[in-house]
Structures are given as structure tokens and as C-alpha cells.
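Below: the structure, in C-alpha cells.
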Amino acid sequence: MVDIDWWGLIVPFAYLVVLSGTFMTFSTIYRKRKATQSANLAPWFGPHLQRNIYLSLLHMEPEANGSEKAAAAKTPKVPESVIRAALLRRAVEDIHRIIQIRTAKAACSSLLQRGSVGDDLWQRFQRAEKEMEEELRDVVMEANALAPNWGQIIFQSANEIAANTVLKQRLDEIQAQTEREKEWWEKRRSTIKTESLKKLEDESEKTQGKVGSEDEPVLVDTNTPSATPVSGGGSKKKKGRK
Amino acid sequence: MGADYAYDEEGYLWPFFVFTLTFIVTLPLTYLLVSRSRDPAAALKRVQSDYRHEHADLVDTLRKQEKRKDRKLWLLAFVMAGWAVMGYMLYLINTTEAPTQKIWNPYDILSIPESASIKVIKSTYKKLSLRFHPDKIRPDASRNETLEDLNARYVEISKAYQALTDEEVRNNYIQYGNPDGKQGYSINIALPKAMVSDGNGKYIVLIYSALFGVLLPYLVGSWWYGTLRRSKEGSLMESANRLFRAYQDDIDEGGVITALSEGKEYEDLFKGNKADSQLSRIESKILAEGELSPFAGGLSVKHKEKLQNLESGPQRKALALLWAYLGRVELDDPALNKAKLEVAPISHALNKSFTAISLAYMNTAPLLASYYTSQLLIQALPPKSSPLLQLPYFTPKIVKAVEGDSRIRTSVQSFMDRPDSKRRSLVVGKNLLTEQQYKEAVKVAKQLPYLRVAKAYFKVTGERCIIPSSLVTLVVKGRFVPPGSEKLPEVNEPDLEDIDPAEDDLDAILGRKTKKQIGKDENGKPIMSADSEPILPPLASAPYFARDHSPRWHVFLTDSKQGRVAVPPFTFAQFDRPVFQEDGRTPTFAMQTLKAQFQAPPQAGHYTFVMHVVCDSYVGFDTKMEVTLIVDEASKAAEMADDDQISEPDEGWSTTFLP
């Protein structure tokens, strides 16, 4: 009979068990963590206010109809035009988001390849992209339900509205500066005026004084030409300070 | 007779083994340690200045702290331990005597001189055999002898006698060094016997599993997750993600600064109640009325709203401190002032990430905003502030004295271009600068490396005209002309030309001489190869920035009509010719060559680009000029080559198709 050293035999088996056990726990923990991470990714866009408004407007009807006639009388039926306007607003917001996604896509993927941004950003981005596709389809369907064939042109008009609002915003920004600019120019004009008046006075004094002393005009002459070629704005200022 | 393996029982071999092993590991680490502790910034020239602002000591301590952080303590300990082990092993090698196998010498055994004759040998043997024959003597208990010892001794003696007399035995002795013929040899394994002896096995297994089961996975894991955690630009990945989200096509410098405050790095810096403490105090300070701008922090109303809309937390504190830093606002609290100086380098590091992101979008405005933000962070200037504040002792009050109520900012160059008497009369006076301070400011201004571009043109190496899709080189020729430089020599016309490398100089054509690389491109000039040592401009004069920064220049082309980057930036940190003379302050006015290669458009035509040369360290030192790239049809190029052939028959056009 072969004498088996059971204790000695346990060691290699324990080694195998520990090894495989470690690998298994590691992989399960790793996968679980990955899953929770991707589940908890923050959405790319914030809450869609326009969609929420549209949906709440749309769902006011059944509630009012479903309960009682008195309630229906209290909350009048939402006019069709308001719902349409809400849908158009929603489409405009979608256009903004789509533009953002389209411009970001090439940049995001190239940055991901270079390792300048993280993997989870790309995941979030892809999720947002898919979400937007669904959203667009939903808007088209809703539009078709509200008015036949509206789905084909709703995004065209939304696009124009979006472009227009951007333009208007920029114009407003520029317009907002006018007050300040006006104020500054008023102030500047008055200082320039007083300066030039002073200068005129000085010059008239000089012409009078020329007869008296010989040195002074020479000094002034050497000073001015060296100062003028520097810069228009600068020399003006300096004169103002004298 | 076979090879038998023995472990190192006497302990004379394993010190060699351990010594070699430690040597292999310690030597590279020592090199690493030495190369790291040698401060690269110390070798660089600095802008000479005696100017110390009131927090200069704080800036110095922060810079030193940063350098200390680089010095890894564990590395030092490891290297020292390695050398200690090596020393001990050397000591062991020297002291332990190796058991030398005695050379078998029959003369020694018979204790006769080697010159002894046969007669002497015989007589000695007889004498000895009489004395030592086992039958004649008995073991001496006092000398610890046994019968075997006596036998062995007698055998030895007779062997020795035979070796000297018997022909065959003598041959054996001469051939193998032993009268018995060939002996077995032994191989020793340089491991101490203790390692394999019974009972120690479990410890060995323990050490083994600790090494391979714990340490190795830990090292690999920490390396892998370390690379995942940081983006390519060195900022935390999470920060880079946030910056990507904060990117906007119309972002300005203030917007970039607001975006940078989102960095995760600040969350680590302002942990717990540090995030909110004294936030209101900082905000009241930066939102106080400023001298040059509506607020002391230098932020615009738009960015003030952004700041106030933030939730209080690390981001808001970081942003408030950033504005305080940029506006050089005194916070009247040592801890806050330190934090103020600390946030800027972090933002500067984050800004690299933002630059990469804006570059991926290829829009000009955000890219420029990012570069300008870098300048502002290094010089501690708020956006749209006066570049004059870069000079020492210049405060908003003095800037006001220079600029008056003009809205056009006076750059350092235009200020310094004015005659000395004019400058002096503006800034020296009561409540303004003293004579001493003015001199210091002028001294510093005259050392700032302003790259004045003399000429910028396109060329294709070895060709006369540019054909579609060829590899075009943008050559920018310029000189470092510090503001206020006097006696500027005329531009030497030949300097402006870029000579192609000789056709037989393959190294230069292929850009193989990596040593003389300047920035990203190769230096094609064969003349330059003699002094190929790259020259670094002096470290940026940035008294408020808590890091040493070596200035860089970015050259890129944009399409002004579309507002897009046409050729991405090439970065130059080194130059081929000295910027300053030996004394470190007299400019050489040497013509520098910057080259950037890119692919020409696929269609022929005239392309007008705007070339930007942006310095990342100084405000107002940028150059923006229009350059036109003329791309000719390929047929025209062929015609010109034909012309060449006619006029210069000895230089065939086929040579232009060299690799």
C-alpha cells in the first residue's frame, strides 16, 4: 500500500482553490462595479423642459375627461394651437441638442482615441445620441398625429426658429453695449474738446511769448516730433495728461 | 562519476548571486534618482530681476514644495537599501573563504622537496610506512583519531609514493591532478542551503505567493488604473470629461477660467469644510470695485453671475480664488493667500486639457481663448486687462497713469517704444513709481522674449512651386526683440532664406538628426548641424505663478472666414540659435527659424490663412498675420521642371524624385 501524505496533498489543491477563487471574486466584483458605474452615469443633457411642458399639456385632457363633467368645465380643453406650439418649442430645443451632438461627435471620438477624455464620457455621449434619435422619432410621430404630414416639415421650421433665436440673442448682446459705449464716448469727446481748447490757448500763448524768450519754442519743437510717430492713441492720451 | 548538484552550504556563492541581482535593480534606480534630483529648471536662464512682491516668499515655498513632491522618498530609501545590501554582500565575499579544493601534491604528502631523487623518495616512503602503517600504530584518542583516519592517511602516503614511481599512476596524476584518474566535478547552486532545508519550505512558499499573488497584481493594477485615471494631458480623467462638457464654441477667457474651476483636482484640494470656509469673504473682496475693471477680481458681469449661480462648494471656492489670483486681490489671510497662489498652477495644468479639447473641435476662438488663458494664469492678469501689469511694480494705478481713459490697452512693446523721457514722465512721480522701481521695470521689460516675425512663407523641400497634396513646410523667420531694444540691427537678407539640405545629405532630408530638432520639425539647414545644441529661452518672468515655466510658442494657421483652424499648432520650446548673450540679458537678435509641415490642399488655387504665433507665457506678445499659400497645378510644376532641364542640363530633373 502506498502511504499517501494527505496533508501534503492538501497544499496544491488549496493553492488551486485559492487561485481560482480569487479570480472569480475579482471578475464578479469588477463586472458588478462596471455595471453600476454605467448605470449611474449622469445624463448628457439636463431635463428637457419643453418636452415636459408638451407632455403635461397633452395629458391634461384625459384626466379632465375621465373624472367628471364639472371638472372638464373647470379645466377647459387645451386648445390645439397651444399643443402645436408646445410641440414646436420641443422641436426647437431638440434642434439645439442635435447641433450640439453633431459638432461634439467627431471631437469626442478623436479625443477618446488620443486618451484625452475618458471612456465613460463616450458612453454618456452615445447614450445621449441614441436618446436623441428616439426623441426625434417621437416628435415626428406626435406631429403627424396632430396634423397630417406635419412630421416632414416640423424640423425645418424648428431649425429656422433656432437659427433666428441665436441671431436675435447675438444682436441683443451687441445692443446691450450701446449705452455704455455712448457714455464712454460722451466722456471722451468732452475731454478731447477741453484738451484741444487748452492746446489752442497754449499755442496762442506761445506765439505771443516767442518774442520774449528764444529757448522755449526750441524745446517744444524737439519734443513733439519724437513723440508723434509712436502711436496715435497713445500720444493723444499723453497730451491729455499734461 | 557524474555531476552532482550541491546547495551552497558554506555560504560563499550566494553573496555573488545576491550582489548581481541587487546591482541590476539598484543601478537604474540610482540613475533615475540622480537624474530626477537634478533640477532641470536650475540649469535654465532666468529673467534677471530683483523684484519681490509681498507674497514672493510664499511663491518660492510653493515652488520648492512642488519640487520636493517630485522627489520620491521611497525611491531614495530603496536605492539606499540596495547599496547597503550590495556593500554587505561585498563584505561577505571578502571575508568568507571559499573552500578551495586542495591540489593533490604527492611531494607535500611525503614532505619532501620536489627536486628529490627516486632514492630519497623510496627511503622516505619506507620510513613513513614504518611509522604510519595501521598495523604499527593505534589511534591516539587525545587527537581524536580513529582507525579509518589512520587507514586513509596510509592510503594517501602509498598513493603519493605510487604517483612518483608507478608509470600509470603518474600519468593519471599529470593528466587529472589525481592519482585515481578523472574525478567527478560538482555544480553548486548559489542559493543558501537554508532555503531548501526542511521546515523552511512554507516560508519560501509564503514569500513566493506574496510576490506573485499580491505584489505583482498590485503593481500592474495600480499602473493600469493610474493610466486610466489620468488623461493624456496629465489632468484627472473626470476633469477632462467635465471640461469637454463645459466647452462652448463662443467661449472667451473668462468662460475658460470658469470651466477650469470645475476640475476634480479642486475637490481634492478643498476637502470637507475647507470648501466653504471664508468663501463669502473672498467673494466680497473680488467683487469690490476695481481700479481698472468694474470688479477687483477683473471679472465681467457675465462671469460674476456665473460665479454666484454656482452651488457653494469646491468649485465655487476655486473659481473665487482664481479670480482673486488673476486680479491680484489681497485676501488679508495667510491661508487664503496661499490657497490663491495654489489654484493657479492647477488651472494651468487643466488648461492643457482644455486646449486639446478645443483643438479637437478645430474652432479658432476657443483655441485662442485657451492659449490666452494660459498667458493670464502665468502672469496673474484678469482677461482684457493691461499687459503692462506684467512689469514689476506696475499696479492698476500706474497703468491708469499710462493709459489715461483710453480703452485701447497699451502693450509692453508700445510702452517701451516710447522715448525714455516720455515713459519716465508718465510713470515716475508722487504716488507712482520711484526712480529705482522704474529702472527695475525697464530692465525686466528689456529681457522679455518677444518674437518679432520677419517673414513667413511656404515651400516644398526640393521643389520650386507647391503642387496639390504635397508636403508643405511653413517657414517662419523671426528674431527675439525684447520690448524697448535699442540699436536693432537690420535684417540680414540671406538669413530669411531657407536653404534645402544638400541632396546627398540623407539624414537632413529624412530629419534623422533628432538632436537638432526644434519643436516638432526637423532643421533642414545643414549649416546648423554644427551647433545642434537646442537653446531654451529664459524661464518665464512670472512672479506670481507658483511654478517654473519655460515659455513656448505655438504656430498655427486659421481660416478667418470660417473661424476654423486650418493647420493645428506646432509648439516650439527650443530654438536653434541663442536668444540672449552669455550675460543673459543682452539680446543677440539672431534670426530664428520655426518650421511646420502639413499637407497642401488637394486643389490648386490661392489660399489665404491667418497665421498665429502665440506665446503661452506673456500677454500681448502674439503675432497675427495673413499668409497666402499658392498651390499650382501639377502640370505647371512639371513645366517648370522641364525648364530647369533645359537651362541646367547637368542637373537632371529626376533628382527631384529622391526619397
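Every residue number used here counts from 1 along the chain in the order it is shown.
Backbone N, Cα and C atoms are what each Cβ position is placed from, and that goes for glycine too.
Residues or ranges marked as compositional bias 'Acidic residues' in TrEMBL: B:640-651.
The domain 'J' annotation in TrEMBL covers B:105-177.
The region 'Disordered' annotation in TrEMBL covers B:640-659.
Taken from TrEMBL, the feature transmembrane segment covers B:12-34 (among others).
The transmembrane segment annotation in TrEMBL covers B:73-93 (among others).
Long-range contacts of the transmembrane segment (B:203-225) within the same chain: residues 195, each at least 6 residues beyond the stretch ends and with a Cβ under 8 Å from a Cβ of the stretch. Positions annotated as transmembrane segment by TrEMBL: B:203-225 (among others).
Residue counts for the domain 'J' (B:105-177) under DSSP, helix first, then strand, then coil, are 52 helix, 0 strand, 21 coil.
Long-range neighbours of the transmembrane segment (B:12-34) within the same chain, counting only residues 6 or more positions beyond its ends whose Cβ lies under 8 Å from a Cβ of the stretch, are 75-76, 78-79, 82-83, 85-86, 89-90, 92-93, 96-99, 188-192. Model confidence over the domain 'J' (B:105-177) stands at 76, taken as the mean pLDDT rounded to a whole number.
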